[in-house]
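Structure, as structure tokens:
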Amino acid sequence: MLLAGSIFVLTLILAIWQPRGLSIGWSASICAALALVSGVIHVGDIPVVWNIVWNATATFIAVIIISLLLDESGFFEWAALHVSRWGNGRGRLLFTWIVLLGAAVAALFANDGAALILTPIVIAMLLALGFSKRTTLAFVMAAGFIADTASLPLIVSNLVNIVSADFFRLGFTEYASVMLPVDIAAIAATLGMLHLFFRRDIPATYDVSLLKMPASAIKDPATFRAGWIVLVLLLVGFFVLEPLGIPVSAIAAVGTVVLFAVAKKGHAINTGKVLRGAPWQIVVFSLGMYLVVYGLRNAGLTEYLSGVLNMLADKGLLAATFGTGFLTAFLSSVMNNMPTVLVGALSIDGSTASGVIKEAMIYANVIGCDLGPKITPIGSLATLLWLHVLSQKNMTISWGYYFRTGIIMTLPVLFVTLAALALRLSVTL
């Protein structure tokens, strides 16, 4: 256990701090090779882990490429300018609409896309409105927070969701039927906490006339229009074709190819830049990191956690839901959500839980791994990248401020979300 744990910690350190520019793919690969050479994992574990990650990472990359193409076309800026006008000059209403826009983008384009794409747009828009740095920080923190807390409803809304759904063979419709109502509760709780926490930083009014016209944001009309069609067809495809056995990644890939072809033909978007900006490293990172995590499983960590989950399962639905959710949220905050979701899945699979109790644990693991990363900056790689993007915009957020905000905001939202899950599953008892 000590050797497997040491290799895992080394993987996290290299991935988070990236010494001398070492990419996350290389760091995970080096540590996976170390785990293999040291006997922590075996050659036979490689195809097992690949079977866990291939569909998830392929889907994630396809969704991110679609979001990057739409961003280049002006899609998200157009949407942000529209919702800003819906605020009608009232600061609190503007804050609400920005948060709801973030929730919608997170649901359709994954949490990473929501945080990284919306943040620069929101900053530019708030600067145009003449908002103070403190007010801008409130809006930016809100956009970053909702990106994760609202990434529950669909399998494609978060890489964590895809990994878990693949592991337990959850269908797209089956997953959405449980998590859509849970996500609504999460959004409502998040919106309430954000308004409460930042109540002194939200201006009473703003001048709508300072905003650009939404139409002026559209840089590639053809890709912009095609984007709407692709999004509708993707959602239909996910719900209709996935139950027929077609992988979510294949459906997403078709949508990506269609939108990419439209953008390529129009010449207004630098499609080469978009491809270079796609997170290709996540494929290598996921395989390498999960091989290292599999080493923890081989060393007995998941067996120990399975015992903890068995105790929770014996106490009923509420204990299983809240216990699993808070446990994986804590683990995500200290050891990153990507490895935690697999550790959680392996532990649940190894437990004696069954029926609705096991179902509650599966979804609570997803909730914990989606929301838990908001407690600390190291909870997800996307958060670290988001903080880096902010620093480039002269908005430095200290780890202390992030942790203080994160723990105050996350725990109540996590509680409400897990309660909503328990209520949703109790309906099917």
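Quick reminder: no glycine exception, Cβ is built from N, Cα and C everywhere.
For 21-41, 46-66, 98-118, 136-156, 178-198, 228-248, 249-269, 274-294, 316-336, 337-357, 371-391, 407-427, the entry in Swiss-Prot reads transmembrane segment, with the evidence type sequence analysis.
Taking residue pairs at least 6 apart in sequence, the transmembrane segment (407-427) and the transmembrane segment (21-41) share fewer than three C-beta contacts under 8 angstroms. Taking residue pairs at least 6 apart in sequence, the transmembrane segment (316-336) and the transmembrane segment (136-156) share fewer than three C-beta contacts under 8 angstroms. Within its own chain, the transmembrane segment (46-66) has Cβ neighbours under 8 Å at 109-110, 112-113, 155-156, 159, 162-163, 166-167, 227, 230, 234, 247-249, 252-253, 255-256, 259-260, 274-275, 278-280, 282-283, 286-287, 290-291, 294, 342, counting only residues six or more beyond its boundaries. Within the same chain, residues 145, 149, 152, 178, 181-182, 184-186, 188-190, 193-194, 197, 317-318, 321-322, 325-326, 329, 356, 359-360, 363-364, 367-368, 371-372, 374-375 sit at least 6 positions outside the transmembrane segment (407-427) and bring their C-beta atoms closer than 8 Å to a C-beta of that stretch. Sequence-distant residue pairs (6 or more apart) of the transmembrane segment (98-118) and the transmembrane segment (249-269) include fewer than 3 whose Cβ atoms are under 8 Å, leaving the two stretches without contact. Tertiary neighbourhood of the transmembrane segment (274-294): same-chain residues 4, 7-8, 11, 15, 23-32, 35-36, 40-41, 45-46, 48-50, 52-53, 56-58, 60-61, 64-65, 68-69, 72, 112, 159, 260, 263, 338-339, 342-343, selected by CB-CB distance under 8 Å and a gap of 6+ residues from either end.
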